[in-house]
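A.B. asks: Annotation comment: TrEMBL describes 26-229 as domain 'Major facilitator superfamily (MFS) profile'. Summarising the annotation, TrEMBL assigns transmembrane segment to 35-60, 72-93, 99-119, 126-145, 203-224.
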């Protein structure tokens, strides 16, 4: 239903534009390749990014009996890594461009895959064991979000920058909603089988990784095409 409504909306907007009236979405942005790839990248990344903390919190609190404070403290390395990388990324984005975002996505994937491999074998000191991997994933995430916005808008006409930025933010929110729905559905479906929180988290985490891999492929596509021009 959502896809049908999206297609109907696109047809409506094109018809509205042909009549010479202002559209809700600036359709000229669709012709900017780097912008559209960045928009898709942001959508997929946020589909995975937002879900990470939900499944990890469920695993820590419901599966291991952590308090809310302990669960938050366990995930703090991700936030710290992201904060440091955001400063670094802001300084390097003009020099390295999309390659910086691609590198960040690789780090996120490395961190998440490491967590997926480690979780089923952990019995104690889970927080300390996950801290390095969460820091790596967080650092990678800090190289993705803001730099992706900067790069996506770099070829957009200044007159359309406001609309472009708004569409990027909307796409991120849509990605978050889709990711949370799919990942949590998988988590609870697996949990209903035998109540195994570790296996449920691993399954959900693999879907999250899949979203980030999709974002990586779009980043690589933009990197390759930009170097050919």
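Backbone N, Cα and C define each Cβ position, glycine as well.
Walk me through the surroundings of each of these features.
C.D. replies: Counting residues 6+ beyond its ends, the transmembrane segment (126-145) has Cβ neighbours under 8 Å at 42, 45, 49, 52, 60, 64, 66, 70, 73-75, 77-86, 88-89, 100-101, 103-112, 114-115, 118-119, 215 in the same chain.
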A.B. asks: What stretch of 35-60, 72-93, 203-224 shows the most Cβ pairs under 8 Å to the transmembrane segment (99-119)?
C.D. replies: 203-224
A.B. asks: Using a Cβ cut-off of under 8 Å, list the residues of the same chain at least 6 residues beyond the transmembrane segment (35-60) that approach it.
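C.D. replies: 29, 66, 70-71, 74-75, 78, 101, 105, 108, 112, 119, 126-127, 137, 141, 144-145, 148-149, 151-153, 155-156, 164, 167-168, 171-176, 178-180, 182-184, 187, 197-198, 200-201, 204-205, 207-212, 214-215, 218-219, 221-222.
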